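Chemist: Can you keep this structure in mind? I'll have questions shortly.
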């Protein structure tokens, strides 16, 4: 029997081995170390076949090794045309030595993986192999064409409204009720269809994306992201800082039509503002940081986890902010959609702003619309209306308004903007660079509330009532201004369309940019740190970290404030007013006087309810004030704790109040060198700022009523004999203050406000007071700076007229003939003798 040759036998063996491998079901995408070594042998045979078809196939792939067809092109050779040519020559040679040919795997039978192992596409914490459908594809939007990031912004105002404010007759037919609508796709009246469609598609692309992955990409892609909140409570504070600067500080430093500031820190008027739907309070923290105790804020927001967090105001004195939650006051719910809350909030503000209203109102309302982001505008329509409505209720004529909005595609939203456009002198839709470009957030900024807006306010009030009535039905208010009116005002309509489309384009590019940053984690914005520095410098905000205020004991803080001043002056007792010392009052115009109710002491505020008192002597300790009140940190006052009374008999009520005699530091501001009259004026301003009329449980703070010595008779007119509960039924001398509360006086403080050698006199020819220098014989009408008596001079040279037993102050009292104490008549006679004839209506402050 003839034996087969080796060449005939070997192919059949190889075929059997290959068949065996396939029967075992081996994974052909990988090879074992042994297989690799075996396939790399130089004696490896090619798998060519004698058939023509096999030969044709063989010619289409590269062959490596001594046993392969050497005439075939080497597609891994350097410079050859192949998608493997991207690899360097070393890699190609290594693969060639292992016998690799394009289109075939490694291994003896080419059973190895044929494709290159792809780089990992794992994204964040996604599950292995997870692919988000619809997100991996390209958006085909050129986001790289966005303008270069800059700290400078421009304001584009609506054209000035030339039509009259609509009246009640015209408004009566404007509200339209229709079927409730929960889609936004067809709202193309104020935006091109293709832009709206692209925007919604871009938003929808993120529906399946994990929130954390989205946030990381957003953080890397936004050139302004590093601005964050700086040292404030949150990012909202920096948005307000951004907007305030861009609009020339019209909120924190309002100006008149000539560009002059309406308010000055040295004057008595406060800057009143309201913060609505704005918990935890970032907007207010910024305003109070900028203005300190020269501003007073009122706030209303929904109670709950997003309430005002005043304890977290690290940068500003939260004691100057008073939350009020509508009906029920501090016990209300703060729901801005309830008409009762709107009315109560309005009344509260008018009662505490001399019935004028606030200088400006901020509103930053919003709520979670997770899963329904595309119709956020529709879901928040009533919130937007109510914020506008509260603004028209509480802002004074000439005041300003700022409110957050979202998309403004629906005629309902645009109608609300139109009503503001009619009610304010100028209106602007503005997106600050601190607002992330990928969201639909914008702010409507309104300057100068006009007179005669009552009909619009009442109309919106009725619209809100209707919305509440339709809340659980399939009906809704679809229009507040007819479409023909919105279309008819061409300037308004063109601005509205231009603003919407511009915001759409910015948002689409920003979303596409985030999409790209999600897909490529190596992308980042390189100028974030530089942009942050530029913006903070431009806005006047220090580049500092947020740090909680340090706690300091009262004694240490006191010495930090007064620094090198002699502490002995705080222990000086007033000079008793007697027949001998009465001659000190010869220059009557130099003195002011106040009714005393108890022993004076110094009061130091360390923030919130941390308040301490001290008697003034070096051997005394600072003790915690046992009263319920709040003061900003770094506040040092000269005060009395007085038991005030209201009513008489059994219904008489007593409350302990803080009466301010003089001020040294107000929230860190040193006022000791100011004129006494100026210090008292600033004290009254400060007390109005920290007052909490909504908190009857707190002990009040009041400033003593100050009288000129020549007007001392006005004090006696406010003295009366009253029944005091603790006096055993006897009548006691009582002094009634401005708020109809009375207390038992113990004497009169007389304070010298002019430094020697200066004194005040009266010119009969000019019929006005003037200042006279006894050394230089110089006289002038303007107040000489060197004549101002600072705090320590006033405190050291003050006199005290005691109203004790035997002193006749009231006509019903009896004078002790053996007493050497001064009576009312004796003091009045002295003052009248040294008081030049002067019109009683003359009321100079100094």
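Placement of Cβ uses the backbone N, Cα and C atoms for every residue, glycine included.
Since this is a predicted model, take the numbers as computed values, not measurements.
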Chemist: Of the candidates 194, 222, 234, 439, which one does Swiss-Prot list alongside 277, 278, 279, 280, 281, 282, 283, 335, 336 as binding S-adenosyl-L-methionine?
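Modeler: As annotated by Swiss-Prot, 277, 278, 279, 280, 281, 282, 283, 335, 336 share the S-adenosyl-L-methionine site with 234, chosen from 194, 222, 234, 439.
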Chemist: Taking 192, 218, 426 as the options, which does Swiss-Prot list with 203, 204, 205, 206, 207, 374, 375, 376, 439 at the substrate site?
Modeler: 218
Chemist: If you count the C-beta atoms lying within 10 Å of each candidate's C-beta, which of the binding-site residues 205, 278 ends up with the smallest number?
Modeler: 205
Chemist: Enumerate same-chain residues with a sequence separation of six or more from residue 335 (S-adenosyl-L-methionine binding site) and a Cβ-Cβ distance below 8 A; give 'none' if the list is empty.
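Modeler: When sequence neighbours closer than 6 are ignored, residue 335 (S-adenosyl-L-methionine binding site) has 302, 326, 341 within Cβ distance under 8 Å.
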Chemist: Which one is it: of the recorded positions 203, 239, 404, which Cβ has the fewest other Cβ atoms within 10 Å in this structure?
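Modeler: It is 203 that, of the recorded positions 203, 239, 404, has the fewest other Cβ atoms within 10 Å.
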Chemist: Taking the motif 'Bipartite nuclear localization signal' (2-20) alone, what is its mean pLDDT?
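Modeler: Averaged over the motif 'Bipartite nuclear localization signal' (2-20), per-residue pLDDT gives 47.
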Chemist: Report the nearest neighbour of residue 239 (active site) in space among the recorded positions 203, 280, 364, comparing Cα positions.
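Modeler: Result: the closest of the recorded positions to residue 239 (active site) is 364.
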Chemist: Have a look at the recorded positions (207, 364) and report the one with the fewest Cβ neighbours inside 10 Å.
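Modeler: Fewest other Cβ atoms within 10 Å, among the recorded positions 207, 364, is found for 207.
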Chemist: Tell me the Cα distance separating residue 364 (active site) from residue 234 (S-adenosyl-L-methionine binding site), rounded to the nearest angstrom.
Modeler: 13
Chemist: For residue 282 (S-adenosyl-L-methionine binding site), write down the residues of its own chain that are at least 6 apart in sequence and whose Cβ falls under 8 Å from its Cβ; none is a fine answer.
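Modeler: Result: 229, 232, 233, 234, 235, 236, 237, 238, 239, 240, 364.
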Chemist: Looking only at the domain 'WW' (752-786), what are its DSSP counts of helix, strand and coil residues?
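Modeler: Its residues divide into 2 helix, 16 strand, 17 coil.
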Chemist: Of 278, 280, 404, which is closest to residue 205 (substrate binding site) if I measure between C-alpha atoms? They're all recorded positions.
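Modeler: The answer is 404.
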